[in-house]
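For reference, the structure is listed below as structure tokens.
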Amino acid sequence: MAKALQGVMAALLTPFDHQQQLDSESLRRLVRFNIGQGIDGLYVGGSTGEAFVQSLAEREQVLEIVAEEAKGKITLIAHVGTVSTAESQQLASAAKRYGFDAVSAVTPFYYPFSFEEHCDHYRAIIDSADGLPMVVYNIPALSGVKLTLDQINTLVTLPGVSALKQTSGDLFQMEQIRRAHPDLVLYNGYDEIFASGLLAGADGGIGSTYNIMGWRYQGIVQALREGDVAKAQRLQTECNKVIDLLIKTGVFRGLKTVLHYMDVLSVPLCRKPFAPVDEKYLPALKALAQQLMEEKA
């Protein structure tokens, strides 16, 4: 199973319609688009998927739809994290029921939980996942949970934990984790340092911009396998030019707008309180969509 979890995993967006409801047909198209561009797997219901502005029922519905479209074709990881242990357990049980390959959970946030409470939270989710491997999700910039290296080392050695999504710019820590845990599946979480993360020891990555240019990230993996660091750097630079624009537009709404121009998503909206893309960026996003479609063809 550890080998199956390695690779380039798109952090899947969640499409909504003009009434702010889940757009299931666009979701299905997005899953098929990702499969078609050679993604190794999907990370479903995470930060990129706007999980924390969805109800539990909606999150379960997303898991069900994605499984219907992709089960058996690519690796599927269900992010089931919430502040509530019981709700996370409910989502973990759903992931097992729908045939996902693994579950993942961000560290519980907002309240100042003790580290032992964090550990108990993960143990409970792992138990409810009924044998599915756990991917611990460390994203201190958004969760506000600043784990020490020793705490990370403890979490990844809990029974049932097989992987870590390390969304941090600390590449020294990435290398330290890899050195301490050679058999751990280690994901780079920040797209803009994907190549550097691989060189620091990551097995692959989970990222939002893979939704629109996953083949570039696969190209970085292949270039480094072949020892062509210069090519990997060039591809990373091309990815980062896109990320520069998306940071200006707002990453999730920018990605959805590009996918709208690619005829993948019917509506390019995020769920409120996220606002639509500023109209001044639409020409640049449309040009980017055209460029990527030509590159992918």
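Even glycines carry a Cβ here, placed using N, Cα and C.
When the candidates Ser26, Ser208 are compared with the aceneuramate site entry in Swiss-Prot, which names Ser47, Thr48, Thr167, Gly189, Asp191, Glu192, the shared residue is Ser208. Surrounding the centroid of the Cβ atoms of Ser47, Thr48, Thr167, Gly189, Asp191, Glu192, Ser208, where the record places aceneuramate, the chain contributes additional residues within 8 Å, namely Ala11, Tyr190, Ile206, Gly207, Thr209. Reduced to three states, the DSSP call for Lys165 (active site, schiff-base intermediate with substrate) is strand. Here the CA atom of Tyr137 (active site, proton donor) lies 8 Å from the CA atom of Thr167 (aceneuramate binding site). Among the residues the record lists as binding aceneuramate, namely Ser47, Thr48, Thr167, Gly189, Asp191, Glu192, Ser208, the two farthest apart have Cα atoms separated by 16 Å. Reduced to three states, the DSSP call for Glu192 (aceneuramate binding site) is helix. In sequence order, Ala11, Val106, Ile139, Leu142, Ser208 are the residues of the chain that are 6 or more apart from Ser47 (aceneuramate binding site) and have a CB within less than 8 Å of its CB.
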